[in-house]
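Asker: There's a structure below that I have some questions on.
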Amino acid sequence: MFKLFTARQHDKIWDFDGGIHPPEMKLQSSTVPMRIAPLPDQLIIPLQQHLGPEGELRVRAGEQVLKGQPLTVGRGRTVPVHAPTSGMITAIAPHTTAHPSGLAELCVHITPDGEDRWREQQPWADYRQRDKMALLDRIHQAGIAGLGGAGFPTASKLQGGLNGIITLIINAAECEPYITADDRLMQEHADEVITGIHILRHLLQPQQVLIGIEDNKPEAIAALQRALRGQDGIHLRVVPTKYPSGGAKQLTKILTGKEVPFGKHSSSIGVLMQNVGTVVAIKRAVIDDEPLIERVVTLTGDALSSPGNFWARIGTPVLYLLKLAGFKPQNPPMVIMGGPLMGFTLPSLDVPIVKISNCILAPAETEMGLSEPEQSCIRCGLCVDACPAGLLPQQLYWFSRGEEHEKARNHNLFDCIECGACAYVCPSNIPLVQYYRQEKAEIRALDQESARAAEAKARFEAKQARLAREKLARELRHKQAAVKLTDADQQTVDAAVSRLTRQSDGSESVINIPAGQLPDNSAVIAAREARKAQARARQAEKQQARSTEETTDVVDPRQAAVAAAIARVKAKKAAQVQHVTTDVAEAGSEAIAEDPRKAAVAAAIARVKAKKAVQAQHVTTDVAEAGSEAMAEDPRKAAVAAAIARVKAKKAAQAQHVTTDVAEAGSEAMAEDPRKAAVAAAIARVKAKKAAQAINPD
């Protein structure tokens with residue numbers, strides 16, 4: 001570590017693997033002073049000119065705008081765009097933009113009024129009096145994105161490096177052939193470059209600041225050295241010319257000796273890098289309150305009679321600039337935005353200049369040479385030797401052609417900087433960078449689809465969970481409503497129960513006597529006897545239950561069978577007794593309602609039926625007791641006792657049937673004539689007495 005630090009102190013530089021040395025072709029434009037492009041008749045400002053989503057519009061068609069007025073809202077990583085001049089917004093419509101696909105994007109069309117009037121400006125003479133967040137917000141609202149070609153929002157990048165940045169690198173390499181925008185900017189505005197560096201030092205507080213510049217820019221090196229006189233903490237490093245030494249990872253390796261890990265950025269090792277053009281834009285935004293509305297664009301190529309570098313407003317059509325440089329159309333026409341290795345052919349010359357447009361190359365037909373057809377890969381390995389990122393271009397090519405997305409991703413496809421070195425050395429003329437770009441786009445599309453599917457799944461699961469929660473809550477409310485009664489509901493229930501209780505008490509205790517008739521106690525006596533019979537029946541049931549419990553303790557199965565038979569007989573007789581009692585009560589009630597004499601007859605019949613029911617119950621009880629005693633003495637005696645009990649029970653049933661017939665006959669006779677009723681009652685009493693003697697001869 002000490003040796004590494006000592007080497008840095010002595011201006012030591014390192015080298016990176018790979019790289020190529022193509023013809024530089026820079027003298028066509030680097031020796032010509034910069035010119036200011038006049039305003040065109042129409043400016044076309046795309047809403048998205050950076051890496052990230054487009055901003056929300058703040059203007060409408062037909063509205064007058066001033067120079068530097070925001071056209072969109074900038075939030076987060078959304079960088080706003082501004083009006084390059086004053087004028088009227090004639091349309092907000094899609095237009096072809098500077099992209100290899102040639103797709104149309106939403107743009108604001110402004111017709112300049114020629115006055116070029118600024119909005120109200122608030123310069124900051126001393127930026128050191130402002131806190132870091134105010135400076136970051138100023139840079140963000142100025143719409144500054146990386147002017148080196150990536151277009152990453154500068155404020156977001158700086159905010160991520162507020163803590164932990166050791167080395168600040170200013171990228172002045174500009175390694176790609178033909179491009180000289182940064183070269184001329186450093187030659188003519190070196191003081192602004194140094195001022196912008198001081199603003200970044202105030203923000204990031206790095207331990208050291210390094211400016212990396214290739215040795216093929218002697219005028220720019222001299223201008224920076226003059227601007228750095230008397231400046232401490234800023235070191236100029238001149239590096240050998242090699243493509244692509246201007247790459248972020250490659251220049252980091254050259255100046256610090258550190259390698260950025262795969263899948264990481266230079267900030268992961270404490271390094272933050274900014275382009276020279278971005279530094280000048282930061283100075284103008286912070287101190288002069290000028291948003292990013294213009295940039296330096298290199299116009300070069302043999303198809304131009306007067307190449308050079310121009311200060312061009314954002315939104316200026318490419319064809320307008322080409323005419324300023326003396327464009328001579330070729331057949332077939334070819335205009336490249338960017339350099340010959342990393343640029344792309346424009347689908348139309350009507351596309352506008354954007355924030356990342358650093359060069360417009362218009363080559364002659366003989367300058368670029370004839371395009372040769374693509375041939376099969378011969379596995380020579382030259383692409384591997386030329387790759388500055390340490391990748392395997394040959395394998396990535398096969399993965400891209402075979403649509404093996406995961407393998408391409410695992411082989412660090414996204415670490416490819418698309419420098420074009422592999423395609424430059426390929427003897428088979430395979431456009432490797434095009435395959436890589438297409439594969440990256442497909443992987444990003446698949447990732448976006450997967451993300452949308454995951455979001456849809458999450459929304460569906462959240463909805464299902466919400467419905468389940470609502471269902472449980474609804475069921476709980478229903479249960480609570482069914483169980484918990486309000487005070488009003490409880491009062492209603494109590495009132496209903498009270499009414500039923502009063503009705504029940506009144507039906508049992510009140511006896512209605514028709515008008516004009518004398519009360520007769522015979523029905524009351526009969527009802528009393530019936531209640532006594534019911535009580536005796538309940539007593540019999542209790543005795544039956546006790547007998548059943550006793551018989552469960554008997555070990556012999558035959559004894560258990562006999563006990564069960566006796567229990568069934570007792571239950572049957574108890575039910576018959578209850579039935580007889582009910583009939584007696586009903587008969588008594590009817591008799592009272594019709595005639596006192598009939599009531600007397602009905603009462604007599606009821607008394608007879610009650611007496612017979614009691615005798616039948618007594619017989620059943622005796623039979624059960626006898627059966628129990630016999631069962632306890634001997635199984636054979638138990639069987640005999642059970643047979644005798646069945647016979648007695650049968651006779652009791654016959655006697656009850658006879659009694660019922662007598663009662664019915666008496667009722668019919670009573671209905672015809674009182675004297676016949678008396679005779680029938682006497683006959684019934686005689687028959688009942690005989691039946692009782694037959695049941696119990698003792």
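Cβ coordinates are placed from backbone N, Cα and C, and glycine is handled just like the others.
Heads up, here are the entries from Swiss-Prot:
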type: DOMAIN; residues: 366-397; note: domain '4Fe-4S ferredoxin-type 1'
type: BINDING; residues: CYS377, CYS380, CYS383, CYS426; note: [4Fe-4S] cluster 1 binding site
type: BINDING; residues: CYS387, CYS416, CYS419, CYS422; note: [4Fe-4S] cluster 2 binding site
type: DOMAIN; residues: 407-436; note: domain '4Fe-4S ferredoxin-type 2'
Asker: Could you break down the residues of the domain '4Fe-4S ferredoxin-type 1' (366-397) into DSSP helix, strand and coil, giving a count for each?
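Answerer: Going through the domain '4Fe-4S ferredoxin-type 1' (366-397) residue by residue, I get 13 helix, 0 strand, 19 coil.
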Asker: Which sequence-distant residues neighbour the domain '4Fe-4S ferredoxin-type 2' (407-436)? Criterion: at least 6 residues beyond either end, Cβ under 8 Å.
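Answerer: For the domain '4Fe-4S ferredoxin-type 2' (407-436), the far contacts come to 18-20, 22, 243-244, 247-249, 262-263, 341-342, 371-378, 380, 382-383, 385-389, 391-393, 395-397, 399-401, 443.
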Asker: Which residues of the same chain, at least 6 positions away in sequence, have a Cβ lying under 8 Å from the Cβ of CYS380 ([4Fe-4S] cluster 1 binding site)?
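Answerer: Non-local contacts for CYS380 ([4Fe-4S] cluster 1 binding site): PRO427.
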Asker: When you average the Cβ positions of CYS387, CYS416, CYS419, CYS422 for the [4Fe-4S] cluster 2 site, which other residues in that chain have a Cβ within 8 Å of that mean position?
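Answerer: So the additional residues around the site are GLY18, CYS383, ALA386, PRO388, ALA389, LEU391, PRO393, ILE417, GLU418, GLY420, ALA421, LEU432, VAL433, TYR436.
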Asker: Spatially, and counting Cα to Cα, which of the binding-site residues is closest to CYS426 ([4Fe-4S] cluster 1 binding site)? Options: CYS387, CYS416, CYS419.
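Answerer: Checking each of CYS387, CYS416, CYS419 against CYS426 ([4Fe-4S] cluster 1 binding site), the shortest Cα distance is to CYS387.
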Asker: Please tell me which one of the binding-site residues listed here (CYS416, CYS419, CYS422) sits closest to CYS383 ([4Fe-4S] cluster 1 binding site), measuring Cα to Cα?
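Answerer: Of all the candidates listed, CYS422 is nearest in space.
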Asker: Quick one: pull the CA-CA distance for CYS422 ([4Fe-4S] cluster 2 binding site) versus CYS377 ([4Fe-4S] cluster 1 binding site), whole Å only.
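Answerer: Taking the Cα atoms only, CYS422 ([4Fe-4S] cluster 2 binding site) lies 12 Å from CYS377 ([4Fe-4S] cluster 1 binding site).
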Asker: Once the chains shown are all counted, how many other Cβ atoms turn up within 10 Å of the Cβ of CYS426 ([4Fe-4S] cluster 1 binding site)?
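Answerer: Result for CYS426 ([4Fe-4S] cluster 1 binding site): 22 other Cβ atoms within 10 Å.
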Asker: Around the [4Fe-4S] cluster 1 site (CYS377, CYS380, CYS383, CYS426), what further same-chain residues have their C-beta within 8 angstroms of the site's C-beta centre?
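Answerer: Those within range, site residues removed, are ILE378, ARG379, GLY381, LEU382, PRO393, GLN394, TYR397, CYS422, VAL425, PRO427, SER428, ILE430, LEU432.
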Asker: Do any residues at least six apart in sequence from CYS387 ([4Fe-4S] cluster 2 binding site), in the same chain, have a Cβ closer than 8 Å to its Cβ, and if so which, in order?
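Answerer: Set apart from CYS387 ([4Fe-4S] cluster 2 binding site) by at least 6 residues yet with Cβ under 8 Å, we have GLY18, PRO393, ALA421, CYS422.
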